[in-house]
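J.: Quick one: the structure is below, and I'll ask about it shortly.
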Amino acid sequence: MLEFYGQKFESRLLLGTAQYPSPAILADAVRASQSDIVTVSLRRESGEARAGQDFWALIRELGVAVLPNTAGCHTPREAVTTAKMAREIFGTNWIKLEVIGDTDTLQPDPFGLVEAARALCDDGFEVFPYMNDDLVVAERLIEAGCKVLMPWGAPIGSGRGLNNPYALKTMRAHFPDIPLVVDAGIGVPSHAAAAMELGYDAVLINTAVAKAGDPVAMARGFALAVEAGRLAFEADAIEARDMAAPSTPLLGKAFL
């Protein structure tokens, strides 16, 4: 069972809530994904505006946990301020921390990220940092108080999948007891399955579902892929090899 900061969840698929064609399709996609956790952006959803109130009512109706994020923040100060506003509006200490360092790739700023994570952890937040796949940055985030890490698979919205499986595999081996979530860049269900086969605890999907021709069907596809990938990891899959190995025994074979 998936566990974040002492809370347990059945599904290992986290779903973003931005860019869907309509609120109804969003709701159907969340149900199809069987996700227990959805991410929301304070910059997109105001708890005071009517649209924000309608969105919040929809999320409550779905009965899922909410993980607010600091999307669009480029400085530690901006991210910390946004996180505090999110806590007031959504009533949770959880925060998906994003501090963007490059506008073209949306790559996280590792220095600003660690600074903001330290400030938020000291203030009682339970931080989910969106990060690159650097082990040293991961160490600094853990030292700052983070108990979950969210390395990217590829740039946000790119759909490229896992750009550096070696780095992700190394991070999994280096932090066997820290919940790890692949966040960003996943484009199709097979990418999610590959992440789960590496031993990752969960994946976070948004654009790949929201922008699909049929978001509801894609959400279901991701749910199945995440389950399949996790089962493969737990089943201890065979190692790849360069040469063939016969799978059919010779015992009882007729000699001609």
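Residue numbers in this text run from 1 along the chain shown.
Using the three backbone atoms N, Cα and C, a Cβ is placed for every residue, glycine included.
Annotation comment: Swiss-Prot describes Lys96 as active site, schiff-base intermediate with DXP, evidence class sequence analysis. Sequence annotations record features per position, and here Swiss-Prot assigns 1-deoxy-D-xylulose 5-phosphate binding site to Gly157, Ala184, Gly185, Asn206, Thr207 based on sequence analysis.
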J.: Return one of helix, strand or coil for Gly157 (1-deoxy-D-xylulose 5-phosphate binding site), based on DSSP.
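T.: The three-state answer is coil.
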J.: Using all protein chains shown, find which of the binding-site residues Asn206, Thr207 scores highest when you count other CB atoms within 10 A of its CB.
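T.: The residue with the densest Cβ neighbourhood is Asn206.
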J.: For the recorded 1-deoxy-D-xylulose 5-phosphate site formed by Gly157, Ala184, Gly185, Asn206, Thr207, which further same-chain residues have Cβ atoms within 8 Å of the site's Cβ center?
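T.: These residues sit around the 1-deoxy-D-xylulose 5-phosphate site: Gly16, Ala154, Pro155, Ile156, Ser158, Gly159, Ile186, Ile205, Ala208.
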J.: Sorry to bug you, but what's the C-alpha spacing from Lys96 (active site, schiff-base intermediate with DXP) to Asn206 (1-deoxy-D-xylulose 5-phosphate binding site), rounded to the closest Å?
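T.: Distance between the two Cα atoms comes out at 14 Å.
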J.: Take the C-alpha atoms of Thr207 (1-deoxy-D-xylulose 5-phosphate binding site) and the residue listed as 'active site, schiff-base intermediate with DXP' and report the distance between them in angstrom, rounded.
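T.: So the Cα of the residue listed as 'active site, schiff-base intermediate with DXP' lies 17 Å away from that of Thr207 (1-deoxy-D-xylulose 5-phosphate binding site).
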J.: Here are some binding-site residues: Gly157, Gly185. Which one has the most Cβ atoms within 10 Å of its Cβ?
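T.: Its Cβ has the most other Cβ atoms within 10 Å: Gly185.
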J.: Quick one: Cα separation, Lys96 (active site, schiff-base intermediate with DXP) versus Ala184 (1-deoxy-D-xylulose 5-phosphate binding site), in Å?
T.: 12
J.: Across the record's 1-deoxy-D-xylulose 5-phosphate-binding residues Gly157, Ala184, Gly185, Asn206, Thr207, the largest CA-CA distance in angstrom?
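T.: The widest Cα-Cα gap among those binding residues is 9 Å.
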